[in-house]
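Chemist: Have a look at this one.
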Amino acid sequence: MDTDILKMQDREVFEAIALETGRQMETLELIASENFTSRAVMQACGSVMTNKYAEGYPGKRYYGGCEFVDIAENLARDRAKKLFGCEYVNVQPHSGSSANMAVLFSVLKPGDCIMGLDLSHGGHLTHGSSVNFSGQMYKAHAYGVDGETGIIDMNQVEKMALEVRPRLIICGASAYSQGFDFKAFREIADKVGAFLMADIAHPAGLIVSGLLSDPMPHCHFVTTTTHKTLRGPRGGMIMMGKDFENPMGITIKTKNGQRVKMMSEVMDAEVMPGIQGGPLMHIIAGKAVAFGEALRPEFRQYAMQVRSNAAAMSERFLSLGYNIVSGGTKNHLMLLDLRNKDITGKVVENTLHEAGITVNKNMVPFDDKSPFVTSGIRIGTAAMTTRGMNEDDSRLIAELIDRVILSAASPESSSVCRSVKEEIRSLCLRNPLEGYGVTPS
């Protein structure tokens, strides 16, 4: 990566970037929400598109001079529609959280009832957590997983929906290693007259590759991030399989009177000017590049390897005596319940960091520890697979993590971490990140 100008102009920022580059190149990234973009995506994100304000949408901007950024946004929209098989898409949300906010604002009033997966059972802050706007503006009710299987209890979901009569049901997760039965969720939503929103931020890359069930035929709204398993720049997106007249009765004036707005019009207005102003056109250009990459046949091979690596790693953890919530994985991640190892997620996260392995502590279902301590760790295989690692590497990584955990409370912990860190560094250098080289001075 060419950073000569930055190095001359701002040495402090250059050094920070160089050090972070070294960390990414020589340590193992296993945080499930992280991945490595292509150089083409990074070049688009670092392009002159960052200089252009473009409030509004292609062909209907509030600023002049938008004819070329319109090309980039139309490419992103058209490619996303082809990739996900949807009729409507908005690529302007700055994040998955802002995409979720736009959907909630478009169909809910303050005080309306919503349902989402419990944060401690693998859900997300924007699905009704009390510390988030979604749990503060709305009456949020959380469904959870079965205590024995670790899988979402659809009977509980239906019972709760019939009791609280939500306006919106959210199906999605940030730490759930199984798929979602979108058809069953839609049947429940229809019984109570609720909207259904799927948040596929984590498994989107696997879904577009046909490896997990497709939410488009069943959900009114689908949101996602554009990084994680999609391997694009950090950002969000809103989709609808089919557009429809908004059931809230919102109208728009026409030459002949007025008409009911389509839901796509309501959603676009909620994104801009509802919660955002100018879109990040350099990021939208990067999204277009990433969607183009995901449309290629080799992306499906990548997604298949991500899932295969996760399966191999989870099976090795199980054979080493670890408990995995839900008993295994069908996607790119796994949630290790460490309670039978008598160690906390916080300790494991910190100790693995010393060994050159990055994970995040994570609450497990029915956890009795705080979110700052936790009884589990979340592990994902999207980033390591981008480096070219395979099933054998995945099993080796599980064994190295086990070595670190078993020694964490012993006097040998530091020496074990040093030894594992060297093995991890060698593994990473055998599977390099092409074109990421920035050397600190």
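Positions of Cβ are set from backbone N, Cα and C atoms, glycine also.
In case it helps, Swiss-Prot gives these features for our protein:
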BINDING   LEU119, GLY123, HIS124, LEU125, SER370, PRO371, PHE372  (6S)-5,6,7,8-tetrahydrofolate binding site
SITE      HIS227  site 'Plays an important role in substrate specificity'
MOD_RES   LYS228  N6-(pyridoxal phosphate)lysine
Chemist: Where does SER370 ((6S)-5,6,7,8-tetrahydrofolate binding site) sit in DSSP terms: helix, strand, or coil?
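Modeler: Its secondary structure by DSSP: coil.
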Chemist: Tell me which of the binding-site residues GLY123, PRO371 sits in the most Cβ-dense spot, judged by other Cβ atoms within 10 Å.
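Modeler: Answer by Cβ density within 10 Å: GLY123.
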Chemist: Within 10 Å of each Cβ, count the other Cβ atoms, then let me know which of the recorded positions HIS124, HIS227 comes out lowest.
Modeler: HIS124
Chemist: Among LEU119, GLY123, HIS124, LEU125, SER370, PRO371, PHE372, the annotated (6S)-5,6,7,8-tetrahydrofolate contacts, find the widest CA pair distance and round it to a whole Å.
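Modeler: Maximum Cα-Cα distance: 16 Å.
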Chemist: Under a three-state reading of DSSP, tell me whether GLY123 ((6S)-5,6,7,8-tetrahydrofolate binding site) is helix, strand or coil.
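Modeler: Reduced to three states, the DSSP call for GLY123 ((6S)-5,6,7,8-tetrahydrofolate binding site) is coil.
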Chemist: Just the number: how many Å between the Cα atoms of LEU119 ((6S)-5,6,7,8-tetrahydrofolate binding site) and LYS228 (N6-(pyridoxal phosphate)lysine)?
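Modeler: The separation of the Cα atoms works out to 19 Å.
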Chemist: Other than its own, how many Cβ atoms are within 10 Å of the Cβ belonging to LEU125 ((6S)-5,6,7,8-tetrahydrofolate binding site)?
Modeler: 17
